[in-house]
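What follows is one structure encoded as structure tokens, with my remarks underneath.
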Amino acid sequence: MNEALKSLTVTGKERYKSGVLEYKRMGYWEPDYEPKDTDVIALFRVTPQNGVDPIEASAAVAGESSTATWTVVWTDRLTAAEKYRAKCYRVDPVPNTPGSYFAYIAYDLDLFEPGSIANLSASIIGNVFGFKPLKALRLEDMRFPVAYVKTFQGPATGIVVERERLDKFGRPLLGATVKPKLGLSGRNYGRVVYEALKGGLDFTKDDENTNSQPFMHWRDRFLYCMEAVNKAQAATGEVKGTYLNVTAATMEDMYERAEFAKELGSVIIMIDLVIGYTAIQSMAKWARRNDMILHLHRAGHGTYTRQKSHGVSFRVIAKWMRLAGVDHIHAGTVVGKLEGDPNTTRGYYDICREDHNPMALEYGLFFEQHWASLNKLMPVASGGIHAGQMHQLLNYLGEDVVLQFGGGTIGHPLGIQAGATANRVALEAMILARNEGRDYVHEGPEILAKAAATCTPLKQALDVWKNVTFNYDSTDTPDFVPTAAVTA
């Protein structure tokens, strides 16, 4: 600890005579601290109120997310306070964003309950996000020590075992969300599933708010969907599936629906992010016990991940969900209708699919992360994608991904089955070109046009959606330009 810091930090009896101290004088600011391999590290984007010292604001974040309260308390002397205080050890200005700072904060591993996302999030994104001296606060990234990672089960099935169960290798998986997502009867819903699977898709899925409504009870949907899956498997000779959304009001209801899906022979169930971290982990444990693939729809994430100055980055949510144990997560498309900067999305996909993430600031990854043999998490791309973008999707997202063409299947002018066939032919043509060593990225339109010459459904798809793009600036791009630290 340097001399300047010693003069700031009040210790001993003087500390308990002081009443209210600045957080940086209470030990939450330690610029000489070297994080331990066993520390949990969080990176916050801190925007202090006008006139608030950025170091004091960052120290306050460390304090309020660990052991501090607004005044000095005598009971600190009954604990290993030096050990349990979170330590802000670095504060850097955010490039090209005056008034905002990156605060690096280390937390002792003993501050967290093993294997609990609920406990982790209660500390890291709890009361501190309502702290008055802060104009805005965003959790940008986290690093978890291997000792902590090993307390979680990780994805229940994982990419390798999922591909083995489906007997599908060497290409992205194809899916579609049933549209319209609300209003169909169970019988008509099942018809959509059958036609899409028979046409060449691997999966269909419920949407986030397809639960159990007056027009379609969940049990009816499950029965008609699994009848469709079984008929499509018999017709094509391929393993098929449909994501049956078991999201409900209570855990008891969700377990009941999941058990019924299992009884019907489903290989996969689905939940929504909005059910909460404890429910997600509970369903992940159920899925592992029952050999079921678990799909997570990230419904609701945009309320706190999209704004660059306040909230939680989706890269953090992706890390939490890999720990929690889901097998699929929607992670962006780059070219679709939903938020997704190419570099930022690449970072999300690397979090899901790699055994080890090196620090890669250009992708928004501020820390090296070892995943300690946890299974890999299959990212899902959905929202405004179509067959004409197949070369771009393969280039940006790789082959370990589920490409979900909802409107791009069900909106086909020749019908649902034709829409599915168009997507399957486009994918197979692009994979063949890649395997032959062709420059499929630049030759993509030519490859698709050649395939369409002998496939009317693909030709129709290319004609209908050839001019459909979603070229909007992303609101969440990486900030990685090196700058001088204010801690120097």
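Note that Cβ sites are derived from N, Cα and C of the backbone, with glycine treated the same way.
Here is what Swiss-Prot records for this protein:
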type	residues	note
ACT_SITE	LYS179	active site, proton acceptor
ACT_SITE	HIS297	active site, proton acceptor
BINDING	ASN127, THR177, LYS181, ARG298, HIS330, SER382	substrate binding site
BINDING	LYS205, ASP207, GLU208	Mg(2+) binding site
MOD_RES	LYS205	N6-carboxylysine
SITE	LYS337	site 'Transition state stabilizer'
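The two recorded residues, ARG298 (substrate binding site) and GLU208 (Mg(2+) binding site), have Cα atoms 8 Å apart. Recorded residues HIS330 (substrate binding site) and ASP207 (Mg(2+) binding site) have their alpha carbons 12 Å apart, per Cα-Cα distance. Taking the Cα of ASN127 (substrate binding site) as the reference point, the closest of the recorded positions LYS179, ASP207, GLU208, HIS297 is HIS297. Separating the Cα atoms of LYS205 (Mg(2+) binding site) and THR177 (substrate binding site) is a whole-number distance of 5 Å. Summary for the binding-site residues ASN127, SER382: the Cβ-based neighbour count within 10 Å is maximal at SER382. ASP207 (Mg(2+) binding site): 20 other CB atoms within 10 A of its CB, across all protein chains. Summarising the environment of HIS297 (active site, proton acceptor), the number of other Cβ atoms within 10 Å of its Cβ, over all protein chains shown, is 27. Within 8 Å of the centroid defined by the CB atoms of LYS205, ASP207, GLU208, the record's Mg(2+) site, lie the Cβ atoms of THR177, VAL178, LYS181, ASP206, ASN209, THR210, TYR243, ASN245, MET270, HIS297, ALA299, excluding the listed residues themselves.
For LYS181 (substrate binding site), the nearest neighbour among the recorded positions ASP207, GLU208, HIS297, judged by Cα separation, is ASP207.
Of all the recorded positions listed here (THR177, LYS179, HIS297, SER382), HIS297 has the Cα closest to the Cα of GLU208 (Mg(2+) binding site). Reported as a whole number, the C-alpha separation between SER382 (substrate binding site) and HIS297 (active site, proton acceptor) equals 10 Å. Within the same chain, residues at least 6 positions away in sequence whose Cβ sits under 8 Å from that of THR177 (substrate binding site) are THR204, LYS205, ASP206, ASP207, SER382, GLN404, GLY406. Across the recorded positions listed here (LYS179, LYS181, ARG298), the residue whose Cβ sits among the most other Cβ atoms within 10 Å is ARG298.
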